2 protein chains.
Amino acid sequence: MDPALLDAADLLRPFRDRFVLPQGTIYLDGNSLGCLPKATAPKITELVNVDWGQNLIGSWNVAGWVDAPQRVGDKIARLVGAEEGEVVACDSTSVNVFKALCAALSANPGRSTILSERGNFPTDVYMMQGLEALTGRRVSARLVDGETVLDAIDDDTAVVLLTQVHYRTGRVRDMVATTAAAQARGALVIWDLSHSAGAIPADLSGANADFAVGCGYKFLNGGPGAPGYIFAARRHQDTAMPALSGWFGHARPFDFDDAYRPAPGIARFLVGTPPIIGLAALEVGVDLMREADMAQVRSKSVAMGELFARRMAPLCERHGFMLASPADPAERGSQISYAHPEAYPIVQALIARGVVGDFRAPDVLRFGLTPLYTSFGEIAAAVDTIAAVMDEGAWDRPEFKVRAAVT
Amino acid sequence: MDPALLDAADLLRPFRDRFVLPQGTIYLDGNSLGCLPKATAPKITELVNVDWGQNLIGSWNVAGWVDAPQRVGDKIARLVGAEEGEVVACDSTSVNVFKALCAALSANPGRSTILSERGNFPTDVYMMQGLEALTGRRVSARLVDGETVLDAIDDDTAVVLLTQVHYRTGRVRDMVATTAAAQARGALVIWDLSHSAGAIPADLSGANADFAVGCGYKFLNGGPGAPGYIFAARRHQDTAMPALSGWFGHARPFDFDDAYRPAPGIARFLVGTPPIIGLAALEVGVDLMREADMAQVRSKSVAMGELFARRMAPLCERHGFMLASPADPAERGSQISYAHPEAYPIVQALIARGVVGDFRAPDVLRFGLTPLYTSFGEIAAAVDTIAAVMDEGAWDRPEFKVRAAVT
C-alpha cells in the first residue's frame, strides 16, 4: 500500500481542487467541520450583494428563497436514498431530532417510550430527555446498551432513535436489518445520519426507514452551524405531527390564519423563516457532493482507513494506542478512532504540527477521512507525525493539557 | 412639513450611507426584510474565507464562534432594555417562541393555560397550538380578542404571549402596564419584539418582563432568515426549562455525558450548533443599530409616519383607503398600514413603480418606516406614487392580481 501509488490511482483526486485547503495542514476533522468548497464564497457574495442587497424582499419569490428548504432537501434526499419530497433542510439537527421524535410518537399512537442507546450522540439523547420532562413523563426516554437495543423494544416502544455511524467509534449499524427488526416489534425508527450523508452509502428507502435527521456541516461541507435536515417517509407525511408547528409548516402561511393547518407533505416539517444564507452555503456543499460517485467515496474511505490502521499498528504496540473503531472496515464509517489515556494533549500536539484531528471525551483521538479532499499521502504523513509526537514525547507539555471550550 | 427641510434637519441622515440601497427603489419593507448594511458582505467574506476556509475547526475557540450566540445576544440586550446575560441569538423566532412557552410553563407551575390574542402573528399562535397538541391538551392554548386579553387571565393562566408592535396594524402595547397587570393576576408574560427591536424603544427590565423573543431580519438588518433571539429574565434562568434541551444548552457540552444538565444562566436556551454565518450577518446589523440613538430613531419614525398620514389623507377620501394603524403616533410602531379592498393589486402596481411595501391578508397595504435609511423625501415620493397609481387606475391589471407564494 504505497500512498503515492494509491493517490495516482485515485479516481476522486480531481475533487481536491474544488476545495480551499489550508497550506501546511493535514485536515482530518471533516467529520466535525467540512472544508470550504471554492464555489461557496462567490455564491454567498452574490446572494448577499444581489439577492439581498438589490432585490430584497422580492427574492423570496424571484430568487427561490421560499423553496430553498425543499430544493436543498431534494438534493440531500438523493445522497441518502430518499425520494423527492421526503427531505427538507432546516433548523439545527437537534431541533430536527425533536420534531422527528414528536412525529414518530404521533404516527405510532398507544405507545409512549422512546428508546436509544447509551453513548449515542448527546444531543439526540438530551432532546429525548427534554421531551420526557415536557410531557410530565407521559413520554418515557429510555437508554440501554447499544447491543441490547433491539431486545429492549417492548409493547410500549413507539420509536427507536439510532445513529448509522457512531460519532466516537465510527461503528456502522446495519440500517436494513435494524429497521426491519424494530418495525417487526411495532416500533418506528429514526436514523441520525449526521456522520453518514456524504461519507458512506445510506439507503433510507431501501431500509424502509420511518424518519431521519442529519447534519449539514460535516461531510456535506455546508459551513459552520449549517442547517440540518429531516426526512419523513411519504407514508407518514399526512399523519405525523412534528409539534413545532411554525408558520412555514402551515398549508397557507400567507393567509395569516389563526388556526394551524399543517401543510401536506414534507413542508409541515418546516417551522420558522428559513435561514437563507446558511441554506445557500449548504447547497453548494451538497451540489459538490452529488457530483461524486458514492461507491467511489466509500471505496476510497475504506482504503484510507486501512492505510491508517496498518501504519498505526506499530504505534499501538509501542505507545499504547487502542483501536476504538471496529477492526473490520465494513463496520466502520469514514473515520478511525484510537483510545489513549493522554488523548487530549496528543491531539493538541498534533494540531500544533498541522495534523488536525479531534478529541472526544473521555479518551479518544478521532480522525475523519474525507475522500473528496484527503489524499493517501496525507494519511501516511499524519501517522508519521503521530509517531514523531509520541517518540519525542512532544505531547507532554503543560500548554497541551489546558482544555479549550470546544474540543 | 416640507420633506426637504425635514431631511436637512435629520440627525440620522449619515446612517443612510451605511446601507446598500437599490437605485430606483423606495423601500418601505424594512419591517419584513431590512436592507443590507455595507459592512455585511466584507464581514461574511472574511468569515467564510479565513475563519472557515483557513482556520476551520479551530475557529470555534479562536474566532469566538462558540460564544457568538451570547455575544450577539448581549448586544441585542442593550437594544431592548435587557441586561448582559439575559439574551441569546439562536434558532428561528418560531422555535424561540416554543422555548419561551415551555420555560414560562415550567416557571409558573400549577397553571396550564397559555393565552394570546386573535390575530397575533400567526407563528406565535401556531406554536401555542402545537404545544397544546403535543401535551395532549394538558396545556391549553387560548385566544381571545386583543382588548380583552388581560380580563381573560384566570387562575389557570400560566403565561400570556403578546406582541409589542402588531405586525399588521403597527399598534403598540404598553409593556409596563400590561406586564404589571398580567403579573398581578399570577401570569407570566412573553413579549414578541419582532417589530420592536431597532424600531421603537423597548425596556424589558423596566417592564419587569419575564421572557421575550424577536426576529433578526427586520429592523435589525440581519439578512434573510437571520437567527432570532430569546430573552429570559435573570430571576427565571435557574428554574425555567425551555424543553428543547440540546447539547449547546448543556452545562458541559464537550463532556458528552448521557444525562442532560442545563447550563446555568441564559445558555440553557441554546439548542443545537449555532448558525455561525447567519450570526455574523446579524451581528453586523446589530452593531450598526447600536450606533444609533434610539430616541432619535423613534422621533424620526413618528415624523415619517405623520408625513405619510398627512399626505395620504386626501387619498383616503378620494380612493377609499382606511387607516388600519392607530391615528395617534404614540400608539403606532415604525410602520403605517391602510386597508383597501384592492390592497393586493395596488401593492403590486406600486412595486412595479419602485415603491416596495407589502400586502397583509386580507386587505392591508403595509409600509415600513426605517429611520436609518429612509428619507422624508422618499416618504413624500411614495405617497405621490400611490396617488398616481390610484388616479390612473394602474393597479387594475390582471398581472397584478396573481398571488405570489410570498406576499
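Cβ coordinates are placed from backbone N, Cα and C, and glycine is handled just like the others.
Remember, TrEMBL labels are computer predictions, not curated facts.
As written in TrEMBL, here are the features:
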BINDING   A:THR93, A:SER94, A:PHE121, A:PRO122, A:THR123, A:ASP124, A:THR163, A:ASP192, A:HIS195, A:TYR217, A:TRP247, A:THR273  pyridoxal 5'-phosphate binding site
MOD_RES   A:LYS218  N6-(pyridoxal phosphate)lysine
Alpha-carbon spacing, A:PHE121 (pyridoxal 5'-phosphate binding site) to A:LYS218 (N6-(pyridoxal phosphate)lysine), which is rounded to whole Å: 14
Among the pyridoxal 5'-phosphate-binding set A:THR93, A:SER94, A:PHE121, A:PRO122, A:THR123, A:ASP124, A:THR163, A:ASP192, A:HIS195, A:TYR217, A:TRP247, A:THR273, as the record gives it, the longest Cα-Cα distance in Å: 30
Proximal but sequence-remote residues of the same chain as A:THR123 (pyridoxal 5'-phosphate binding site) (Cβ under 8 Å, at least 6 apart): A:THR93, A:SER94, A:VAL97
Sparsest Cβ surroundings (other CB atoms within 10 Å) among the binding-site residues A:PHE121, A:TRP247: A:PHE121
A:HIS195 (pyridoxal 5'-phosphate binding site) CB neighbourhood, other CB atoms within 10 A: 27
Recorded positions, contacting chain B; criterion Cβ under 8 Å; candidates A:THR93, A:HIS195, A:LYS218: A:THR93
Packing count at A:THR163 (pyridoxal 5'-phosphate binding site) (other Cβ atoms within 10 Å of its Cβ): 26
Inter-residue C-alpha distance, A:TRP247 (pyridoxal 5'-phosphate binding site) and A:LYS218 (N6-(pyridoxal phosphate)lysine) (nearest angstrom): 29
Spatial separation of A:HIS195 (pyridoxal 5'-phosphate binding site) from A:LYS218 (N6-(pyridoxal phosphate)lysine) - C-alpha basis, Å: 7
All-chain count of other Cβ atoms within 10 Å of A:LYS218 (N6-(pyridoxal phosphate)lysine): 28
